[in-house]
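Asks: Just dropping this structure here.
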Amino acid sequence: MQEVKRVTKPKDHEDVNKDHTTPHEVFMNNHKKLAKEAEKSMKEIATSCTVVGALIVIIMFATIFTVPDGNNGDTGLPTLLTRRSTRFLFRAYFIIYE
């Protein structure tokens, strides 16, 4: 409707038809169903995105604490970090993906 208002004369915005309705009223009446469908669709999309986002957060949270080979009981550090090759891979990963 905004685009139509932009390209028409201001006088035409207030004119009424034979049913005594303005162009804005006609537009709103013709698009009520479309607006309700769009609102419903947006709510469904928002719900789906929320669920997917929550699943991603859960997986990331679980992955943070999951380390193959466990942790060293004395230091609490992952045992894989004591291997030189593993430390190299972790450093390379963080350098590449920073």
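Using N, Cα and C of the backbone, Cβ positions are placed for all residues, glycine too.
Automated prediction, rather than curation, is the source of TrEMBL annotations.
Feature table excerpt (TrEMBL):
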COMPBIAS  1-23  compositional bias 'Basic and acidic residues'
DOMAIN    40-88  domain 'PGG'
REGION    1-26  region 'Disordered'
TRANSMEM  45-67  transmembrane segment
Asks: Restricting attention to the domain 'PGG' (40-88), give the mean pLDDT.
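Replies: Over the domain 'PGG' (40-88), the predicted model scores a mean pLDDT of 79.
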Asks: By DSSP, what is the split of the compositional bias 'Basic and acidic residues' (1-23) into helix, strand and coil residues?
Replies: 12 helix, 0 strand, 11 coil
